[in-house]
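Q: Feature list, courtesy of TrEMBL:
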| type | residues | note |
| --- | --- | --- |
| DOMAIN | 1-103 | domain 'NADH:ubiquinone oxidoreductase chain 4 N-terminal' |
| TRANSMEM | 21-41 | transmembrane segment |
| TRANSMEM | 47-73 | transmembrane segment |
| DOMAIN | 107-390 | domain 'NADH:quinone oxidoreductase/Mrp antiporter transmembrane' |
| TRANSMEM | 110-131 | transmembrane segment |
| TRANSMEM | 143-162 | transmembrane segment |
| TRANSMEM | 182-204 | transmembrane segment |
| TRANSMEM | 216-235 | transmembrane segment |
| TRANSMEM | 247-266 | transmembrane segment |
| TRANSMEM | 273-292 | transmembrane segment |
| TRANSMEM | 298-318 | transmembrane segment |
| TRANSMEM | 330-349 | transmembrane segment |
| TRANSMEM | 378-402 | transmembrane segment |
| TRANSMEM | 422-444 | transmembrane segment |
Amino acid sequence: MMKFLFYMIFMIPLCFTNKMFWLVQMLLLLLMFIFMNIFIGCVNFNNLSYIFSCDMISFGLILLSIWICSLMIMSSENLFKVNYYVNFFLLNILVLLILLYLTFSVMNLFLFYLFFEGSLIPTLLLIVGWGYQPERIQAGMYLMFYTLFASLPLLMGVFYLYSEFYSLMIYFLKFFNLNFMMLYFCMILAFLVKMPMYFVHLWLPKAHVEAPVSGSMILAGIMLKLGGYGLLRVLIFLQEVNMKLNYIWLVISLLGGFYISLKCFCQVDIKSLIAYSSVSHMSIVIGGIMVMNCWGYFGSYIMMIGHGLCSSGMFCLANINYERLGSRSLLINSGMMNFMPSMSLWWFLLMSSNMSAPPSLNLLGEISLINSLVGWSWLSMIMLMMISFFSAGYSLYLYSYIQHGKFYQGLYSFYSGVSREYLLLMLHWLPLNMMILKVDYLMIN
């Protein structure tokens, strides 16, 4: 595990060397292939040490982090063209990747908390430093305070665990089964805010709308998955109390997911609509994790990977339109099929993946999650039907509104998609739809 860490640390000087923008991206892709080659098929904890380890959950999320970070560089070519603090931008992405790698691979619960919170700082710098509007300061404040206020109880919970057991190794904690309600709420609140659960989701649309394309990609692709990863890790030793209280989170997440799906139809900002659709998808993931059966764990893991690729690709598409039109409004973005017929295909492919059409990973995740939630209570079938139906509804609504209809009459110049953008979208779509062929590697127990 240390060799990959040093690989990333030694890439930092490259950020301050002239014209190394694309080399950094290529090195990240190389890192991903080396990592995949070494750790593929590690179902149980592999390379276990005092600090680091890698199991199937860590493996998938670390791969996703490296992949999304390399695509973030590819999507931000405009910064490279105008040379807008591009060295610090690359440094920020590398520091963020190092923190995410450490978050997913550490075995100590306190170190996990440290890197979990540390990954917030580069994200905040991305939004505040490379965002578009003055409101980005407010969005950054929302992001910081929502997550930090919820994280303080988690720190208290970690200290309590250490005072009781004199160990914070995640591997050993799974042998305990604690029945302490206050500890339970302290441990999971931070992760529910990060997911985000309905009622504590307001920071997400604000952050997405104000963030640059790279900020939106990392927020949707990885940051939301930190919450799911944390829940998968801490609920192992809180099973008993979770089985008594899980109905609270299940009801909130299912009703919230349904309401957010309806709210997607009211949006006029493309990025805001995609951000709310992320909340809707993550609500089913919360439900799957809280039920605590094999189908739920497997489905939530698959859904996190699939949603990370899909929503990141959708934000790239929104940015491609924004670079040409200077607006994210649905009204101004309508009729794009007249100008970019080839891009229309990519809109359709990613929208169909977003509404869980085969052969995307989202379909497999959604089927597994529906299976687990209906097994918990058949009444949840009603809400799941609504969420799935409206998920398809707002995806088709977004696609048809942007691609069809009259185009905005105020346009005076336009250019079609370039090969870099098509490659970027293909690198989102191919893993999302081809991984279903080898899904036995993604099985977690």
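Cβ atoms here come from the backbone N, Cα and C positions, even for glycine.
What you are looking at is a predicted structure, and each value in this text was computed from that prediction instead of being measured.
Tell me what's around each of these sites.
A: Under DSSP, residues within the domain 'NADH:ubiquinone oxidoreductase chain 4 N-terminal' (1-103) fall into helix, strand and coil as 75 helix, 3 strand, 25 coil.
Distant neighbours of the transmembrane segment (110-131): 51, 79, 84-85, 88-89, 92-93, 95-96, 99-100, 102-103, 137, 139-140, 143-144, 147-148, 151, 154-155, 158, 162, 168, 170, 190, 207, 210-212, 214-215, 218-219, 223, 226, 230, 233; these residues of the same chain sit at least 6 beyond its ends, with a Cβ under 8 Å from one of its Cβ atoms.
Counting same-chain residues at least six beyond the ends of the transmembrane segment (182-204), those with a Cβ under 8 angstroms from any Cβ of the stretch are 116, 139, 142-143, 146-147, 150-151, 153-154, 156-157, 160-161, 219, 223-224, 226-228, 230-231, 234-235, 238, 241-242, 245, 249, 252-253, 255-257, 259-260, 275, 278-279, 282-283, 285-286.
Same-chain residues lying 6+ beyond the ends of the transmembrane segment (247-266) with a Cβ under 8 Å from its Cβ atoms: 192, 197-199, 201, 273, 276-277, 279-281, 283-284, 286-287, 290-291, 373, 376, 380, 383-384, 386-387, 390-391, 393-394, 397.
Residues 192, 195-198, 201, 204-205, 208-209, 220, 224, 227-228, 231-232, 235, 239, 242-243, 246, 249-250, 253-254, 256-257, 260-261, 263-264, 267, 299-300, 303-304, 307, 311, 314-315, 318, 330, 354, 362, 366, 368-369, 372-373, 375-376, 380, 384, 387, 390-391, 394-395, 398 of the same chain lie 6+ residues outside the transmembrane segment (273-292) yet bring a C-beta within less than 8 angstroms of a C-beta in it.
Within its own chain, the transmembrane segment (330-349) is flanked in space by residues 267-270, 273, 317, 320-321, 324, 398-399, 401-408, 410-411, 414, 416-417, 421-422, 425, 429, which lie at least six positions past its ends and keep a Cβ under 8 Å from the stretch.
Outside the transmembrane segment (378-402), and at least 6 residues removed from its termini, the chain residues within Cβ reach (under 8 Å) are 250, 254-255, 257-258, 261-262, 264-265, 270, 273-274, 277, 280-281, 283-284, 287, 321, 330, 333-334, 336, 347-348, 351-352, 354-356, 366, 370.
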Q: Okay, the transmembrane segment (21-41) and the transmembrane segment (298-318): do they have at least three CB pairs under 8 Å, pairs separated by 6 or more?
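A: Touching, no - the transmembrane segment (298-318) and the transmembrane segment (21-41) miss the threshold of 3 or more Cβ pairs under 8 Å.
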Q: Could you tell me what the rest of the chain brings near the transmembrane segment (47-73), counting residues at least six beyond its ends with Cβ under 8 Å?
A: 1-2, 21-22, 24-25, 28-29, 31-32, 35-36, 39-40, 90, 93-94, 96-97, 100-101, 104-108, 111, 171, 213-214, 217-218, 221-222, 225, 229, 232-233, 301, 304-305, 308-309, 312, 316, 424, 427-428, 431, 442-444
Q: Between 0 and 100, where does the mean pLDDT of the domain 'NADH:ubiquinone oxidoreductase chain 4 N-terminal' (1-103) sit?
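A: Averaged over the domain 'NADH:ubiquinone oxidoreductase chain 4 N-terminal' (1-103), per-residue pLDDT gives 92.
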Q: Can you tell me which parts of the same chain pack against the transmembrane segment (422-444), counting only residues 6+ beyond its ends and a CB-CB cutoff under 8 A?
A: 40-41, 43, 55-57, 60, 67, 71, 74-75, 297-298, 301-302, 305-306, 309-310, 312-313, 316-317, 342, 346, 349-350, 353, 358-364
